[in-house]
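Q: Below are the features I grabbed from TrEMBL:
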- 1-12: compositional bias 'Basic and acidic residues' (COMPBIAS)
- 51-512: domain 'Amino acid permease/ SLC12A' (DOMAIN)
- 1-35: region 'Disordered' (REGION)
- 51-72: transmembrane segment (TRANSMEM)
- 84-111: transmembrane segment (TRANSMEM)
- 123-141: transmembrane segment (TRANSMEM)
- 161-181: transmembrane segment (TRANSMEM)
- 193-211: transmembrane segment (TRANSMEM)
- 231-251: transmembrane segment (TRANSMEM)
- 272-295: transmembrane segment (TRANSMEM)
- 315-340: transmembrane segment (TRANSMEM)
- 377-395: transmembrane segment (TRANSMEM)
- 401-420: transmembrane segment (TRANSMEM)
- 441-465: transmembrane segment (TRANSMEM)
- 489-507: transmembrane segment (TRANSMEM)
Amino acid sequence: MATSDPRGKDTELFEMVPIPLGDSEGGDSSATENKNENEAKFHRSIDNRQMVFLSLAGSIGAGLFVASGSALSSGGGGNAVLNYAVVGFMICTTMGSLGELATTFPVAGAFYDYTDRFLGEHWGFAIGWMFVLNWLTVLPFELTTMGAQLQFWIPNLRPEYAVAPILAGISGASFLGSKVFGEIEHWLGVGKVLACSVIIVVALIIASGGVPQDTREPKPLGFEYYRNGAAFKNGFAGFLAVFRVAGMSYNGTELLAMTARECKTPEKAMPLGTYLAFFRIAVFYVIGVFCLGLVVPSDHPDLSQTGHGAKYSPFALAAQLAGIPGLAHFFNAMILAALLSMANMAVFATSRALQALCAKGCGPAILAKVNKRGVPYYSQILALSAGLLAFINAAPQGAQIFDWLLNIAATFGFYVWIAIAVSHIRYRRALQRINVSSRSLVFASPFGVWGSYFTIAVGSFALLANPLSAVFPLQGAKVTLTSVMRENVGMLVPWALWTGNSLWHYFKNRKNPDRKKWTVFKPIEELDVDSGRVTKRVQGA
């Protein structure tokens, strides 16, 4: 902890506790040695300047700029703001927990490593592969949405024609290492922050009557579009429908922790990034969606086209409706930059998560290899190949197949956030068991353990929102067995992965007399709170 040095100044320094080369649960010493050898090849290239915009704008993409229109259409402005605020606060508590873990343990696998360490290897396997599957679908989704947004300028363009050149550009940049990744995300982040800031200012001007060329009747003055029941459109059914859209919009916030192993100073960058993420959620998401509801009516027909295969972003639509076509072009350009950023981040996240999984023996060993540039190149090739799924939309029944993939992935984010919260709670319990105070941590979550319990509560409700939507469908929505299965099949995937891995280990080790007793969670007394831990120390100690 910080103490007075001989010069009379408080000085905080940090040290890394070495990772021992021993047997890991379910593994062996050679696997651990290979893991450490590959992890050592990652370069600490991401600086605090790049981290600022990774934190402010990292996860802003189609979820906010495009799917927010679906939220307005389904539930109205009131439901949209309420859901974005509730889920947003849940993300804040999650990021507090994750920031604490990532600052203390800046490892390549981030929350996969924490789940494996603090819950058990079967949970680590399930959450790790679920995260990979999630981001394997994000890349083609962002590519498809980019192609659709280009129709704003080229109405007759088929979206799949734009996929190949965009994917080629992302592929070339992704092999240049984390320094180039951080620089690309920095400048794309500038564009995203600018777009979010402009829409808030412009929306307030429009709602104040400051745009004389806006000839709509009734005029969008004050809370006009929140009146006469429009704020909470479709009641409880609308609330449920918006809940999952809000979760999808925040998907990717946790990627900040994936950069910890490649930050120059993770003990400083992670706390900074965590607090900046709080600012992003409050301003760009909650206030941004509120302002959007002021100037775009929830019953506008173009909003129903947003989401998968979107024709309009509600941000660009707001400028068009107000009679500011030049601003609409600006928003569309910034939205394309945001989509490109998320596609770039999807490749980064998938490749790093795959590398971490396979380094622990949870996948092909070849995917754990890292080159001299600090790039897990085989994992990167696999991550990029997922972009080819964007061409499914051009095939007969392709849109339906793609919708199944998206619905499977839509619930995964909540599972990841719950896993982070449970890992944080068990980590704190392990520290309490050995009488280590949270005050000794380099960074402690400002929400404490109770923030993690809040994450679990809201995340669990979000998962229940899917089956509840079948009981409380939107007005006019047709509920079929196929639609119910499509909306809920993603909930079963983590449990299938966990059960499959548990059974595989059971049958593999059933004849081993020294095998460990099977438990749902790793016992608290066996949790490793020392390996790779960054701690405070006194200068000269």
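Note that Cβ sites are derived from N, Cα and C of the backbone, with glycine treated the same way.
Curation does not apply to TrEMBL; its annotations are automatic.
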Q: For the transmembrane segment (231-251) and the transmembrane segment (441-465), does the number of C-beta pairs under 8 Å, pairs 6 or more apart in sequence, reach 3 or more?
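A: Checked: the transmembrane segment (231-251) vs the transmembrane segment (441-465), in contact.
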Q: In the predicted model, what is the mean pLDDT computed over the domain 'Amino acid permease/ SLC12A' (51-512)?
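A: The answer is 84, the mean pLDDT of the model over that range.
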Q: If we call contact 3 or more Cβ pairs under 8 Å (sequence gap 6 or more), are the transmembrane segment (84-111) and the transmembrane segment (489-507) touching?
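A: Answer no: the transmembrane segment (84-111) and the transmembrane segment (489-507) share fewer than 3 Cβ pairs below 8 Å.
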Q: Decide whether the stretches the transmembrane segment (272-295) and the transmembrane segment (489-507) have at least 3 CB pairs under 8 angstroms, with pairs required to be 6 or more apart in sequence.
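A: The transmembrane segment (489-507) and the transmembrane segment (272-295): touching, no.
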Q: Which residues of the chain, 6 or more past the ends of the transmembrane segment (377-395), have a CB below 8 A from one of its CBs?
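A: 135-137, 139-141, 143-144, 147, 158-160, 163, 167, 170-171, 174-175, 309, 343, 346-347, 350-352, 354-355, 358, 366-371, 401-402, 405.
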Q: Which sequence-distant residues neighbour the transmembrane segment (193-211)? Criterion: at least 6 residues beyond either end, Cβ under 8 Å.
A: 53, 56-57, 60, 64-65, 219-222, 283-284, 287-288, 291-292, 294-295, 315, 318-319, 322-324, 327, 330-331, 334-335, 337-338
Q: Under a criterion of three or more Cβ pairs within a distance under 8 Å and sequence separation of at least 6, are the transmembrane segment (401-420) and the transmembrane segment (441-465) in contact?
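A: These two stretches do touch.
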Q: Short question: which residues 6 or more past the ends of the transmembrane segment (123-141) have a Cβ under 8 Å from it?
A: 62, 109, 111-113, 115-117, 251-252, 308, 342-343, 346-347, 349-350, 353-354, 356-357, 360, 362-363, 383-384, 386-390, 392, 402, 405-406, 408-409, 412-413, 415-416, 419, 493-495, 497-498, 501, 521
Q: So if I exclude everything within five residues of the ends of the transmembrane segment (315-340), which remaining residues of that chain have a CB under 8 angstroms from its CBs? That is, six or more out.
A: 57, 60-62, 64-66, 69, 142, 145-146, 149-150, 152-153, 166, 170, 188, 191-192, 194-195, 198-199, 202-203, 206, 211, 213-216, 220, 292, 295-296, 300, 302-303
